[in-house]
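Peer 1: This structure is in structure tokens; I'll ask about it shortly.
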Amino acid sequence: MSARALLHSFSPHFRPRISPPDFSVSKKSFGFSLPELKRREFLHFRVRLQSDEGCGVFRVSVRNSGRGGKVYADVKSEPYEISDTVPESVKFQDGLNDVVLSEGELESSAPWWEEFPKRWVIVILCFSAFLLCNMDRVNMSIAILPMSAEFNWNPATVGLIQSSFFWGYLLTQIAGGIWADTVGGKLVLGFGVVWWSIATALTPVAAKVGLPFLLFVRAFMGIGEGVAMPAMNNILSKWVPVSERSRSLALVYSGMYLGSVTGLAFSPFLIHQFGWPSVFYSFGSLGTVWFAVWLNKAYSSPLDDPQLRPEEKQLIFAHSVSKEPVKTIPWGLILSKAPVWALIVSHFCHNWGTFILLTWMPTYYNQVLKFNLTESGLLCVLPWLTMAFSANLGGWIADTLVSKGLSVTTVRKIMQTIGFLGPAFFLTQLSHVNSPAMAVLCMACSQGTDAFSQSGLYSNHQDIAPRYSGVLLGLSNTAGVLAGVFGTAATGYILQHGSWDDVFKVSVGLYLVGTVVWNLFSTGEKILD
């Protein structure tokens, strides 16, 4: 119990006329620091409580339960003496010194790292998993340049290799969500990281064996990364209260963008110093470090965590929306709704341009802007840094607009329209730009506005069907992955028979189609219960 509650609980034979005073503390008086209080099994001291009627002396035995930091006190009274003075404080005696303890310090004495919310530990671990996810994905876009020179690959072959990742990635979108709901997000996300890390480390071996084996290993890697997003959504839906969900999702998705930054920044250095295979070996090994921490710290649900503090568990469940488990999925009803198809089509149109940037921009910088390998990797960092910043900015703007009374539908349409028309405009400017610096700036602005989609279509799944948001994410992201498969391969074909202007025209056309479909058919209101 708290010190204030302890003083109020004394018997009617002694009760001060004034309300219990605020306490202050001298930490040196006990002979040990207050953070040690909860670590001590027993503590004995006397309390002398004074009022205008007298002074009572009590023997207090404090016992640490070891469960959630709770402290129990046994209080026994001793004969008390009369006093004519009314001090402004209550003195606790430990037999050596008189001390005055603060209520707040009695109740919160653990180090700050033990008080750090466990739910945000989970969020940070998910963030780091997505950081590794994109690091392992974008390293091929840098390494493909020396690899194609060594193995004599033409642009069409390069496009085939780049797109092979999405073959496996496509397979596990919906399956990953169902699996996470069944066995728990911890196991699924841990499996995914280990799976794609092994595939990353095997890539140099596969390339030397032959093209078919390389295509298989890249597809194998896609299988692992395909379960990451559904598993993450499953975990955060259980750990993060609704009031913190936008911030947590923004942080996790920022991990993807910063993963691209890290991969593109370090890959050229590793290739220059140790050769292109070193990129895959070093990046792949990081997954084992993450997995060891994940096994030790993560749980699929707060109910599974024996070390979760009771007050945090109460906070999570008090502010979470309780949902009955989904037993059957009404596919017919879901696919009959126009906003669902708006989500699917818009996700396809959005990802076409995004995946082209992810996989082909180093080649664009090298072939068109004549940057060398190191310059290509470093300049590719800027668009992803811009995305990491603008994704969080867009989330803050969207939440602010909703809090000021703007409808969720209007906010989603505004944010996604920026996410479509912004990239379309800046891509059209590339053909009119002569300076490499201006070309890089256009790319950064294109991807910066693209990231506003996190507050548009990426937030819309829980708007329109909160109980089936995992299924909707699987459906729309499947369409997005198809855009990656076709767009990445088609870009190689277009470059072999056309130019980069043709590549950008296709992306701009799809952005415009997505804008029209989104504004005509999307909604922020719940359409499925």
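The backbone N, Cα and C atoms fix where each Cβ goes, glycine too.
In case it helps, TrEMBL gives these features for our protein:
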type: DOMAIN; residues: 122-526; note: domain 'Major facilitator superfamily (MFS) profile'
type: TRANSMEM; residues: 120-140; note: transmembrane segment
type: TRANSMEM; residues: 160-180; note: transmembrane segment
type: TRANSMEM; residues: 187-207; note: transmembrane segment
type: TRANSMEM; residues: 213-236; note: transmembrane segment
type: TRANSMEM; residues: 248-270; note: transmembrane segment
type: TRANSMEM; residues: 276-295; note: transmembrane segment
type: TRANSMEM; residues: 471-495; note: transmembrane segment
type: TRANSMEM; residues: 502-521; note: transmembrane segment
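So where do these features actually land, and what's packed around them?
Peer 2: Long-range contacts of the transmembrane segment (120-140) within the same chain, counting only residues at least 6 positions beyond its ends with a Cβ under 8 Å from a Cβ of the stretch, are 161-162, 165, 189, 192-193, 196-197, 200, 203, 218, 221, 225, 228, 232, 235-236, 239-240, 248, 251-260, 262-264, 267, 279-280, 283-284, 286-287, 290, 293-294, 297-299, 358-359, 380.
The list of residues near the transmembrane segment (248-270) in space but at least 6 beyond its ends in sequence, with Cβ under 8 angstroms from a Cβ of it, reads 120, 123-124, 126-139, 141-143, 232, 236, 240, 278-279, 282-283, 358, 362, 373-374, 376-378, 380-381, 384-385, 387-388, 391-392, 395, 451, 454, 458-459.
Remote same-chain residues near the transmembrane segment (471-495) are listed as 155-160, 162-163, 166-167, 169-170, 173-174, 176-177, 226, 229-230, 233, 326, 329, 334, 340, 343-353, 355-356, 359-360, 457, 461, 464-465, 502-503, 506-507 (criterion: CB distance under 8 Å, separation of at least six residues from the stretch ends).
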Peer 1: Would you kindly check 160-180, 213-236, 276-295, 502-521 and say which stretch has the most C-beta pairs under 8 angstroms to the transmembrane segment (187-207)?
Peer 2: 213-236
Peer 1: Six or more residues beyond either end and a Cβ under 8 Å away: which residues meet both conditions relative to the transmembrane segment (276-295)?
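Peer 2: Residues packing against the transmembrane segment (276-295) from afar: 125, 128-129, 132, 135-136, 139, 142-143, 146-147, 150, 186, 189-190, 193-194, 196-204, 263, 266-267, 270.
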Peer 1: In terms of Cβ proximity under 8 Å, which residues at least six beyond the ends of the transmembrane segment (502-521) contact it?
Peer 2: 338-339, 341-342, 345-346, 348-350, 352-353, 356, 360, 413, 416-417, 420-421, 423-424, 427-428, 430-431, 456-457, 487, 490-491, 494-495
Peer 1: If you average per-residue pLDDT over the domain 'Major facilitator superfamily (MFS) profile' (122-526), what number do you get?
Peer 2: 86
